[in-house]
Amino acid sequence: MTRFLPWAALVAGLGILGTGSPYLLTLAATSALAIMVAIALNVSMGLGGSVNLGVGVFYGCGAYGAALLNTKQGYSLGASLVVAVAIAVVVSLIVGPLLLRTRSLYFAISTLALNGIFVDIVASNDDLGGELGIPGITRPGPLPFFGEDGDPGSLRTMYLLICVALVAVLAVFAAIRGHRVGRTLEAIREDELLCQSLGYTTLGYRVFAFTVTAGLAAVAGVFYAFVIQYVNPGPFSFLTSSFQAFVIVAVGGAARTWGPILAGIVLVAGPSFLEFSATTNQYVYGGVLLAIVIFLPGGLAAGVDRLARGGAATTSSLRRTLARLKHTRESEGELS
Amino acid sequence: MQELLNGVAQGTVYALIAAGLVLIFGVVRVPHFAHGESVMVSGMMTCWAVTSLHLPVLLGAAVGVAASVGYGLFLCFAVYWPMRNHPEWNLLASSLGAVVITQTAAIAIWTSTPRVTPGGVSGSFEIGDAIIPWSWAVLAAISAAVIGATALLVSRTTAGVSMKAMAADAETAQLMGIPVRKNWAIAFAVGSALAGVAGSVYSTVFPVSTTLGLDVTFSALVVIILAGIGSVAHVLWGGVLLGVVEAVAGTVFPGGYQDSMVFLFMLVVLVARPNGLFGLERARD
């Protein structure tokens, strides 16, 4: 039963926020989107171990795709979701195998470059809105039980849909993490050479993780376009999107299901609800980030775990198995 | 021709900054994204020392370099050294945290208006039909000389050779009695000093602003990718190449896309030759 407790808490928390003012709803919705992008990143960075600093590209693909489809072709939210996510997945399948030839920091830098190229293209191309962006995205009508009067402008409806998407994206992450594929990804993260020698096509798994990240980030992007009703290059630059997602994953605890939620609350939702000045906000952001990364190497999720277990640190069974396997292989190597 | 020479001058500065990052990134394996902030701190301090304290430019530059070295050593021992056994992405996250705090503080102190240190070299000379300001020539000459000196330091001194040993295999190097902590300090001090020289000299020629840090880091990373991580001297060619590519992209695509061309060029190099254009050694990761 206890494994459903966090889910219940999440749904309850989102529900309570849903009764707030339009201002509160907008803050909650944008925080939820930032967390969603981080959960997406957690697949390739947390499980797969590839530090991807270009998740903003796919977040942007979703948002720009939805904005163009809605304003130019009149696509609804649902249709845009399908088409824009498909575009992001195709893009990731093209660039993924190329970029994933590089490793560790080289991969991080090449994805960073990808983000730079994306922002430069959308900012320079007038068909994509240029610096001014694309305004005038129409939200879907309010849900039947709200009625036109109960939800003017459909903000509450959008918030509710974003909450559903957040829970769904988190469930996808939890499912992958628990599945054989997720375990293989974690093994590749720990020792790629060992996995190759066991017969796994590691590049295939890494491309899979990269693509899942792209698809889930694009989902967040589509909802961004429909809730804000305006897209411009700013929110998809490295500093505001990819950097933020990377920090949320690192602070929450890589590969941990609840890490991005915890870190998102501490780093994104908390400061915006407390309404500091912009400068104070930056100090708090940088300071909290440094403090957690230095003193809690496993992230907030590991910290919460340790509290729950009364202070004892845990070693994952995966690490122990890998160490044993490696040891066996090495001693076999000595014999032959 | 004019554009090419502009590119070369700009490129030597990139190379100088990148050479500092090679020491830090290559020897101690820290993804020091706050390296560009060292450049910014030095540029702003030089400008402040010359305009507010009325120091001569050379002394002002010394103030800038000292500030930059202090900043680098502070980050080294307050942030990176305690985290030396953490996973790489934790170090990356902490360096980005340092960037956020440094930039916010710098904007609070110096605002974000670009400024130039007065009192640099003036006048210009001509090569063919291109007009080169003397200040650019000085900038390029200082950069090349400092890179050369650093390359000698790494290849000829005991400290340099032991740093190379650390770069090759940190654990074995420690077992052989190489003072790891001292070499961290040297790498950060020398690396930040190079950034400091770049920042102070650059500020006498071009305007510097408090927000330039991350862009500078990105350029330095591009240079390192082009040159390969192995050698300080190769960085000079990587920097000049980046400067020229930027200049050419600027003339071919005047309406934007300049950043894209640079990044795209880097990606092509990275995918085709993962060890860099001039890298002879095999990359270890």
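Glycine is treated like the rest: Cβ placed from N, Cα and C.
Per TrEMBL, the feature transmembrane segment maps to B:12-33, B:53-79, B:91-111, B:131-154, B:184-205, B:211-229, B:236-255, B:261-280.
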Counting only residues 6+ away from its ends, which parts of the chain sit with a Cβ under 8 Å from the transmembrane segment (B:236-255)? 3-4, 6-16, 18-19, 144, 147, 219, 222-228, 261-262, 265, 276-278
With pairs 6 or more apart in sequence, are the transmembrane segment (B:131-154) and the transmembrane segment (B:184-205) linked by at least 3 Cβ pairs under 8 Å? yes
Seg_contact(the transmembrane segment (B:53-79), the transmembrane segment (B:211-229)) with at least 3 CB pairs under 8 angstroms, min sep 6: no
